[in-house]
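The block underneath contains the structure these notes are about, expressed in structure tokens.
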Amino acid sequence: MVSNYVILSYMAKQFHPYYTSAMAPAIAGCLAIGTVLLWRHRSERIGTFGLSALTLSATVMAFVLLRRIPTWQPWLRWVLLIGGLVVAIALTLGVLERNSRLRYAIATLALAVSLGGSIAFTLANVTTPKLGGLSTSGPAIAEDDKFGGQSPEPLDPALAALIKDSGARWPVATTNTRTAAPIQLDTDAPVMAIGGFSGRDNPITLQQFIDYTQDGTVQFYAESVKDKDKDKDQPPKDDEPKRVADEIQKWVENHFSSKDYGDLRVFDLSIPPKS
């Protein structure tokens, strides 16, 4: 947990929120061990105050997180917070030292309010369809594309048929995996993501790609219309290395005609290029 915290704290360049999920198992393990140890010492002051603080901190955190989505089950955060306060007060007053029924009732309530927020988010996750590379955890809410997690549109049936009928080794080539993934999932056909995940990798040269188009290794080239518009708004930085994927994209656009299929602009590389 400490090593993950240090690494994530000093990461440079691109950072995604889901990286922090690597710390979840260690945090859960520490909390579970701590809860068991505090329960064993429930007859002592350290046990009662420790369990009280643990329950209260869990419910306050649940309240804070649920408050970020005010339109989803707004009553839940208040139930958890009030329940946590009741349990914390009861534990501080030494209720665990009294009769066993009351003791286990308070213990059950403590678990319910401590885990209520996590359970609610888990149920929301498993019952809500999500698309995109970086969908957020919890209920469905309006998300911007700050981290590139937009939802892809369904592939046009006509385009899917063309790709499935292709006999090329790579029926389609794209700039990055974000464009390639929905095509590959919908058609079960191999797709060449030239620039890798972000489009910045340079695994081949422009001449190699030209050779692929001439010998029929690649038949179509597809680019996202949405990504194309974003690239116009965000030109590359002066110190950014030259990307082969961009060179290939420009060459394709200058030598072949395109046809739009929904969000995808497709170039047929099997047709002789324009002079």
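Placed from the backbone N, Cα and C atoms, the Cβ positions cover glycine too.
No curator has checked TrEMBL annotations; they are predicted automatically.
Per TrEMBL, the features are:
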- 165-255: domain 'Putative mannosyltransferase YkcA/B-like C-terminal' (DOMAIN)
- 225-245: region 'Disordered' (REGION)
- 18-39: transmembrane segment (TRANSMEM)
- 46-69: transmembrane segment (TRANSMEM)
- 75-96: transmembrane segment (TRANSMEM)
- 103-124: transmembrane segment (TRANSMEM)
Surrounding residues of the transmembrane segment (75-96) on its own chain - C-beta under 8 Å, 6+ positions past either end: 42-43, 47-49, 51-53, 55-56, 58-60, 62-63, 66-67, 102-103, 106-107, 109-110, 112-114, 116-117, 120
Positions whose Cβ lies under 8 angstroms from the transmembrane segment (18-39), at least six residues beyond its ends: 1, 4-5, 8, 11, 46-47, 50-51, 54, 107, 134
Contact set, same chain, for the transmembrane segment (103-124): CB under 8 Å, 6 or more residues outside the stretch: 39, 51, 54-55, 58-59, 61-63, 65-66, 72-73, 76-77, 79-80, 83-84, 86-87, 90-91, 95-97, 137-140
Within the domain 'Putative mannosyltransferase YkcA/B-like C-terminal' (165-255), residues counted as helix, strand or coil by DSSP: 42 helix, 15 strand, 34 coil
Local confidence of the prediction over the domain 'Putative mannosyltransferase YkcA/B-like C-terminal' (165-255), expressed as mean pLDDT: 86
